[in-house]
Amino acid sequence: MNEKKELQQELELQEFQTPKNQQLEKLQEPNGEISSTGNETSESGISSPPISQNDNSNNENESLNITPNKPFVSMQEELQNLDIENIPIPPTIQTPKIYKNTNNLIHSKNNLSLPISLSQENIVKLDKVDIESNDQVNSNTDNNNNTNNNNNTNNNKNEKIGLRSKIFKSKIFIKIRGWWWHRGISTYIMLFYIALNIGVGVHMFYNMYHSDIFKFLGLSFCFSRTAARLINLNSAVILLPVLRNFLSWLRGTIVNNYIPIDKHLNFHKLCAFMLFCCTIIHCVGHYISFKKINDDVLKIDDGKSVAGDYLNININNFPDEKYLFFKSVPGITGHIMLLILILIVSSSMWRIRRPMFEIFWYVHHLFIPFYILLCFHGYSKILKKDPQSWMWIIAPFILYSIERLIRIARSKKRVILEKAIMHPSKVLELRMKRDNDNFNFKPGQYLYLNCPSIAYHEWHPFTITSAPDDPFISVHINIVGNWTRKLFKLLNPDNKLGLIQEDLKSTQNRGKRRILKIDGPFGAPAENFFKYRNLVLIGAGIGVTPFSSILRHLKNQNDKQTNADENHLKINKIYFIWISRQKNSFQWFTDILAELENDERIDSILEIHIFLTGALELDDYAKIKNAQKCHITNLHSKTLFGRPNFRSIFNQLTQLHQREKIGVFYCGNKALGKNIIKNCNKFNGKNNCHLIFHKENF
């Protein structure tokens, strides 16, 4: 009886500890007995069908030995039929917390913990074990404390890392980082350079202000000498941003992650602006000083000028008052250098450089005689000092000379022109045979093209539109300038559209196949596309050329994948946006776009958005309706009419790519570029999306 009472208590405890989803639903019978209705839950938690009172089948329950042809009985009656030795143990029952460290001592036949009560015998056994293993328990406690301390330390480190990660991925930090990369770092570099000029100028002005010559010539002398020192400084620095081979090498180093090399031309323009302004100040200061010297010399009758006490001049050297202005070494060299700078600055303006690049090219090379004249400008030693300009410019001029020697050596070999294609909208495509050993380039880079038949020393930059894996080198030339028109007439005198390589391969014109020379390749902003898993490529008109090379490269890399599980692209998504006024312009690259659309693996990551901003014809409206493909581009991607709404585009991008980095690449006119970078900066950081803008120097 005692065993039955203990067992009854244990069963009641089991029912109390069993979760609700594993307990049988209990109903109170009228006579006060408990019965089971509905589905019974087995040990495994799987409900079994309800047992009918008239069921004649032999159903065995692992918990209770229920007689088949007998209605449910009370628990007291069932206890009499129980096999105490074979009581099953529900898997959900857990050992009470008091047995946490002694589970190995309390177990049943099936090695599962039982919720047994603490009898006096069990307490004695537990105390004995605790006494015998007191040292071991203390040791385990110390180990646990050390483990907890280590865990706490790791948790603190993880919390710090998590906090740091949250800060770096926060909207404010992304905004600051985006501003720093787009404008901040270049702004600070330019401000630092301006501050350097101010510092050098203030130091020079202070020294001249306290010199003896100041007593005679006054402030005009201080300003002219200060400007002369700044001319030397800017003449030394202005050559560094135009070392194309050096900058191309620098793009492949870690420096490219911290310095905006893409904006090297902006720094070059800043140096040119400082150089031109300092030259004007230098000339005005000397005009005033020369006037003072002439007035002083004309007052002297004994042949000795008062200025001779301060300057290295004599009245015999002054046959007339215009001598210092136009007949002395400083006067002659100074005016020639001033004229050279005026020509260089004026030819660099967009309205002249864009349609007449050859003028810009030739005039810019006048910097060579400018440097030579600068070295001899102070040769007469009027200020009783040796000339110092050569010490400033010797090092950068040597670097530039090495740069030019590399270009000359690399551009001697002529390339074979295999194919020339005249596209609509006055675009000429040239395909040249590639020498894999001497010309290796990256997608997005550019080259310089020379045609000796037109001008032997004239080189023009063009973006490479072929992929590095292609067996040819291709460029697309927009016929807008004098040189490009001459090249077009040379290759296509009959002004035909389409393929014209048959004429090149003919016996009569076979010599034309070797009429071109190339120099390069050179680095460009578009080659940084591999740094991002999400890309936005925006091209306006002929500005699509850098992205043609990128898309062809992705196509070639995808073709190399023999296994569907391989991923040579390492790109998650590409948004290609092409904007043009003329519908015929889209025929330039529709072949590669169609191949990309037909490739399932690339089509899944590539979205093509084409915008036509020009007017449509009446036939276009009829063809647009119910068309399976766009009749303008012959692509599955529909052509959109009008200008793209970049505010909406970037807003959607930040929603689709939350907590991701997107590289935005643009090549086109400045007005559209300002709109893009404005919206790029506006939505940068929204949803923790980092938008990084790269602009091609177009």
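Just so you know, glycine gets a Cβ as well, placed from its N, Cα and C.
Sequence annotations record features per position, and here Swiss-Prot assigns domain 'Ferric oxidoreductase' to 225-375.
Residues annotated as region 'Disordered' in Swiss-Prot: 1-68 (among others).
The region 'Disordered' annotation in Swiss-Prot covers 134-158 (among others).
For 1-184 (among others), the entry in Swiss-Prot reads topological domain 'Cytoplasmic'.
Note on the topological domain 'Cytoplasmic' (251-269): residues 181, 185-186, 189-190, 193, 238, 241-242, 523-525, 527-528, 694-695, 697 of its chain, located 6 or more positions outside it, place their CB under 8 angstroms from a CB of the stretch. If you look up Swiss-Prot, you'll see 251-269 (among others) marked as topological domain 'Cytoplasmic'.
Look at Swiss-Prot and you will find 346-355 (among others) tagged as topological domain 'Cytoplasmic', backed by sequence analysis. Note on the topological domain 'Cytoplasmic' (346-355): DSSP counts are 6 helix, 0 strand, 4 coil.
Annotation comment: Swiss-Prot describes 410-698 (among others) as topological domain 'Cytoplasmic', evidence class sequence analysis.
What Swiss-Prot records for 185-205 (among others) is transmembrane segment.
Using a Cβ-Cβ cut-off under 8 Å and counting only residues 6 or more beyond its ends in the same chain, the transmembrane segment (230-250) has close neighbours at 193, 196-197, 200-201, 204, 256, 261, 264-265, 267-268, 271-272, 274-275, 278-279, 282, 371, 374, 388-389, 392-393, 395-397, 399-400, 403, 406-407, 445, 521-523. Annotation comment: Swiss-Prot describes 230-250 (among others) as transmembrane segment, evidence class sequence analysis.
Remote same-chain partners of the transmembrane segment (270-290), defined as residues 6 or more beyond its termini with a Cβ less than 8 Å from a stretch Cβ, comprise 190, 193-194, 197, 217, 220-228, 230-231, 234-235, 237-238, 241, 324-325, 330-331, 334, 337-338, 341, 344-345, 348. Residues or ranges marked as transmembrane segment in Swiss-Prot (evidence: sequence analysis): 270-290 (among others).
Per Swiss-Prot, the feature transmembrane segment maps to 325-345 (among others); the stated evidence is sequence analysis. Residues 272, 275-276, 279, 282-283, 286-287, 290, 317, 363-364, 366-367, 369-370, 373-374, 376-380, 382 of the same chain lie 6+ residues outside the transmembrane segment (325-345) yet bring a C-beta within less than 8 angstroms of a C-beta in it.
Beyond the ends of the transmembrane segment (356-376), by six or more residues, the same chain brings 231-232, 235, 329, 333, 336-337, 340-341, 343-344, 347-348, 387, 389-390, 393, 397, 455, 458-460, 481-483 to within a C-beta distance below 8 angstroms of the stretch. What Swiss-Prot records for 356-376 (among others) is transmembrane segment, and it gives sequence analysis as the kind of evidence.
Under the heading transmembrane segment, Swiss-Prot lists 389-409 (among others), citing sequence analysis as support.
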Exercise. Which value does the mean pLDDT take for the domain 'Ferric oxidoreductase' (225-375) in this predicted structure?
Worked result: 81
Exercise. The topological domain 'Cytoplasmic' (346-355): which same-chain residues, six or more beyond its ends, come within Cβ distance under 8 Å?
Worked result: 272, 363-364, 480-482
